[in-house]
Amino acid sequence: MKKYDCLVIGAGHAGLEAAFILAKKKYKVALFVLDKKLVGNMPCNPSIGGPAKGIVTREIDALGGMQAIAADNTQLQMKLLNSSKGAGTWALRAQIDKLEYSKWFLNRIEENEYIDLIDKEVNSIKFVNQKVCGVYTVDNQFFESNYLIVTTGTFLDSSIHIGHKVIKKGPDDFNGSYLLAKQIKELDFQTIRLKTGTPPRILKNSIDYSKLQIEPGTNKKYSFSHFDRKFLDFNKQEVCYLAFTNNKIHEIINNNLDKSAMYSGFITGTGPRYCPSIEDKVVRFNDKERHQLFVEPESKHLDTIYLGGLSSSLPEDVQEQIVKNIVGFENAVIKKYAYAIEYDAINPIQLYPTLETKKIKGLFFAGQINGTSGYEEAACQGLMAGINVLCQLENREPLVLKRNEAYIGVLIEDLINKEITDPYRLLTSRAEYRLELRNDNADQRLLKYGYELGLISQSHWDEYNKNLENFNNTLKELETSTLKNVKEFKYNSRKTNTTLYEILKRPDYSFIDMEPFLKNKNTLDEYWKDKVDIYIKYGGYIKSQQKIINDTKNIDNIKLSSISDYKDVPNISLEARDKLNKVKPLTLGQASRVSGINLVDLINIKLYLENKKKQT
């Protein structure tokens with residue numbers, strides 16, 4: 001028998017964050033994995049980041065987590081998304097070398113004396129008086145601890161579906177977790193059956209890239225990590241490509257829907273609304289002449305590409321027809337066929353905001369087992385579960401992030417308060433405070449918590465505070481520098497008392513234009529210069545946003561009887577339209593309690609009603 005401070009089941013994105021954050025405080029962790037090849041595995045898209053998700057990765061970094069550093073060290077391409085839009089929507093996305101990513105984490109585990117990686121299946125959890133005592137592995141070894149974090153991902157009672165074939169396996173043909181799934185049900189935890197999928201992998205050298213649209217990275221130095229920054233030169237970055245479906249492909253799919261596991265009743269689990277299979281896209285969006293497909297490298301060491309956007313549960317022969325009808329893929333060779341995977345998840349309303357279960361003390365669930373989708377959503381849950389175990393070990397107050405502090409706070413509050421019916425994906429539209437939850441300010445929002453918990457080093461904290469002081473001094477100087485006393489700055493205005501701060505609010509000016517006229521000009525690096533621009537330009541919008549949010553109070557008195565079809569309401573999500581048209585709530589308060597409806601939807605419904613009232 002071995003005793004540990006905490007046990008973690010699963011070494012995917014959630015499990016790794018949980019283990020490393022505890023090890024950072026020198027707590028001994030046993031990290032269980034079915035196979036060492038599954039450490040940091042990316043069974044689907046080989047990327048980190050994206051809208052909202054890339055900001056989560058930076059939030060993880062600000063709290064002392066690992067994902068940002070791992071992604072920076074194993075990137076194949078880095079891209080700033082939505083750069084033509086406002087900074088509130090900016091997010092980083094890195095194409096990752098999936099083999100190097102796993103290897104990077106394995107090396108970090110080997111170097112860490114506080115993490116024991118144990119490649120054994122856990123088949124049962126031991127409890128006494130509704131408290132965790134430890135776990136048994138399949139060879140009947142017992143590992144003792146008062147804390148257990150379960151991060152089994154999509155492995156819990158998993159089944160692979162290709163056409164009408166059903167295989168009791170986990171992702172990437174690894175074994176699933178069936179004994180543990182059985183015990184969780186026997187403990188009367190409410191479970192839900194979910195489904196996700198992955199597209200085919202194609203041999204790189206069988207594609208005619210001249211027929212595809214090039215998608216390069218961003219030619220500027222960006223990193224997920226705030227301190228351990230590592231950049232990949234633009235000329236060394238891998239190129240991605242865009243391809244498209246066409247009417248012939250749509251015809252093939254429609255003619256073979258009876259062979260799809262999803263459409264022939266073989267799958268009962270609900271699939272992800274925001275990452276539908278190609279069958280779903282063709283059926284649900286039958287007015288579309290084509291759908292985008294993303295041609296992305298998986299690793300420098302692999303001969304395959306990932307064909308994003310073509311996830312499917314159709315049989316192999318139909319997949320062959322589909323792929324060969326994509327322009328540029330006429331001679332393509334499929335090395336690994338697409339499949340759907342069905343698995344058990346926990347209904348997360350059974351959790352506290354700390355991710356500890358209400359039923360059993362010391363038992364935490366984190367990651368896709370809580371009904372989420374995506375590596376970033378999983379990683380942040382693992383981090384928060386690990387931090388809250390740490391808080392209990394040190395008799396601290398739990399760390400529960402608010403919705404206006406982090407996307408992590410939005411995610412966890414949504415999970416524990418709203419019924420999950422399909423895999424939950426973070427979206428910018430879910431965050432009512434999204435102008436405050438930006439890519440550029442994760443450190444300003446969260447670094448203090450990481451430092452207080454001892455998860456951020458003193459040197460990094462000192463570096464941050466020095467930069468913050470320079471940032472604040474720059475803002476003060478911009479506020480006090482007027483056209484009258486900065487005559488060298490050419491600006492067409494008769495008001496000589498106009499400050500550079502006021503001018504910088506305009507979209508056609510940036511901090512670079514002001515910098516030559518400031519005494520503080522040499523103390524900020526590029527990252528903090530961008531912060532100055534964004535802070536000033538978004539100040540007014542953030543105040544307006546807060547006013548609108550405050551106006552949604554007392555929403556139970558706002559009646560919705562005048563709305564016959566929510567398709568008429570602009571700027572609400574498709575999910576909101578679908579669900580509100582089904583439920584037909586009587587008041588805005590009732591609408592707020594419908595799963596999948598967020599504050600942004602409520603604000604836009606209220607604005608619609610106000611505008612409608614003005615017109616009558």
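Cβ atoms here come from the backbone N, Cα and C positions, even for glycine.
Listed in Swiss-Prot:
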type    : residues                                                         : note
BINDING : GLY10, ALA11, GLY12, HIS13, ALA14, GLY15, VAL122, SER177, GLN368 : FAD binding site
BINDING : 271-285                                                          : NAD(+) binding site
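Across the structure, GLY271 (NAD(+) binding site) and GLN368 (FAD binding site) are spaced 13 Å apart at their Cα atoms.
Comparing the binding-site residues GLY12, GLY271 on other C-beta atoms within 10 angstroms of each C-beta gives the minimum for GLY271. The shortest Cα-Cα distance between GLN368 (FAD binding site) and any of the binding-site residues ARG273, GLU279, LYS281, PHE285 is the one to ARG273.
When secondary structure is read from DSSP and collapsed to three states, LYS281 (NAD(+) binding site) falls in the helix class. Residues GLY10, ALA11, GLY12, HIS13, ALA14, GLY15, VAL122, SER177, GLN368, recorded as contacting FAD, have a largest CA-CA distance of 18 Å. Across the structure, GLU279 (NAD(+) binding site) and GLY12 (FAD binding site) are spaced 28 Å apart at their Cα atoms. Distance from the CA of ALA14 (FAD binding site) to the CA of PHE285 (NAD(+) binding site) is 34 Å.
Burial estimate for the binding-site residues (VAL122, VAL283): highest at VAL122, by number of other CB atoms within 10 Å. Counting only same-chain residues at least 6 apart in sequence, those with a Cβ under 8 Å from the Cβ of CYS275 (NAD(+) binding site) are THR196, SER311, SER373, PRO423, ARG425. In the three-state DSSP assignment, the secondary structure recorded for VAL122 (FAD binding site) is strand.
VAL283 (NAD(+) binding site) and ALA14 (FAD binding site) are 34 Å apart (CA-CA, integer value).
Among the binding-site residues listed (GLY10, GLY12, VAL122), GLY12 has its Cα nearest to the Cα of LYS281 (NAD(+) binding site). Ranking the binding-site residues ALA14, SER277, LYS281 by how many other Cβ atoms lie within 10 angstroms of each Cβ puts LYS281 at the bottom.
SER277 (NAD(+) binding site) sits 23 Å from GLY12 (FAD binding site), taking the Cα positions as reference.
Considering other CB atoms within 10 Å as the measure, the emptiest surroundings among the binding-site residues GLU279, PHE285 are those of PHE285.
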